[in-house]
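One structure is given below, encoded as structure tokens.
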Amino acid sequence: MAIFSTTPAIPAAGDDPLSVTRLTVIRHGETAWNHAGRVQGHTDIGLNETGRWQAERMARALVGADIDTLYSSDLARTWQTAKPLQAVLAVHLHGEPGLRERCYGALEGLTAAQMREQDPRMATAMRDRDSTYAPRGGESMAAFRVRVLEALQRIAAACRGQHIGLVTHGGVLDILYRHAAGLDLQVARGWPIENTSINRFLWAPHGLTLLSWGDNAHLEGAATLDERVG
């Protein structure tokens, strides 16, 4: 089911179609660490059996989509999600480190309970949505947001007039949703970000519009994991 945005369209009615970029943005499939509730971040975890099934179903759902090219985070879980889609679309697939998940540094591999024990300040920062705190060796939410939006701007501007697919992570999708909806990092998340969910945006030089959110009809009601951390 897709959740459609009520956000007013940002691109003006008179925009030249060649100046805008259509975006289909997909979260990666499930991993063993997703299932175990472990923080992934930049740790390179591949898909589990469920994740591979989800990726194949997502690719089948997009057969015939007029996507011109694909960009993926260069981590294994996104790349493995993107490959079946590349196969059915017969388009180029580009690796883009700017689309990686937020880096959690020393906290990667931990469960939420272990993280609270090892870095209580990080647990407090997450509860209070403190965008300035960075775990040891990791990124703050504010720095992560800058990286993601710079990558989006670079990719979308280079592909004006095209329809591009982005395969990325839950944290990246959260940043894109907030950017399109005009929500700051301190607002608690109330929108789902599920494995292999399909989300659509329209980018223009002066803004990002959310067209639809959370389409997971291709999974036919199978249980999915919502984004927690990483």
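If you go along the chain as it appears here, the first residue is 1 and each next one adds 1.
Glycine is no exception: its Cβ is also placed from the backbone N, Cα and C atoms.
The secondary structure of Arg102 (substrate binding site), as reduced to three states from DSSP, is coil rather than helix or strand. The feature substrate binding site is assigned by TrEMBL to Arg27, His28, Gly29, Glu30, Thr31, Ala32, Trp33, Asn34, Arg77, Glu101, Arg102, Cys103, Tyr104.
Following the DSSP three-state reduction, the secondary structure of His28 (active site, tele-phosphohistidine intermediate) is coil. All protein chains considered, the CB of His28 (active site, tele-phosphohistidine intermediate) has 31 other CB atoms within 10 Å. Sequence annotations record features per position, and here TrEMBL assigns active site, tele-phosphohistidine intermediate to His28.
If you look up TrEMBL, you'll see Glu101 marked as active site, proton donor/acceptor.
If you measure from the Cα atom of Arg27 (substrate binding site) to that of Glu101 (active site, proton donor/acceptor), you get 11 Å.
Using Cα positions, the member of the recorded positions Arg77, Glu101, Tyr104 nearest to His28 (active site, tele-phosphohistidine intermediate) is identified as Arg77. Once Cβ contacts within 10 Å are tallied over all protein chains shown, the binding-site residues Trp33, Tyr104 are led by Tyr104. Neighbour density at the Cβ, taken as the number of other Cβ atoms within 10 Å, is lowest among the recorded positions Arg27, Gly29, Thr31, Arg77, Glu101 for Thr31.
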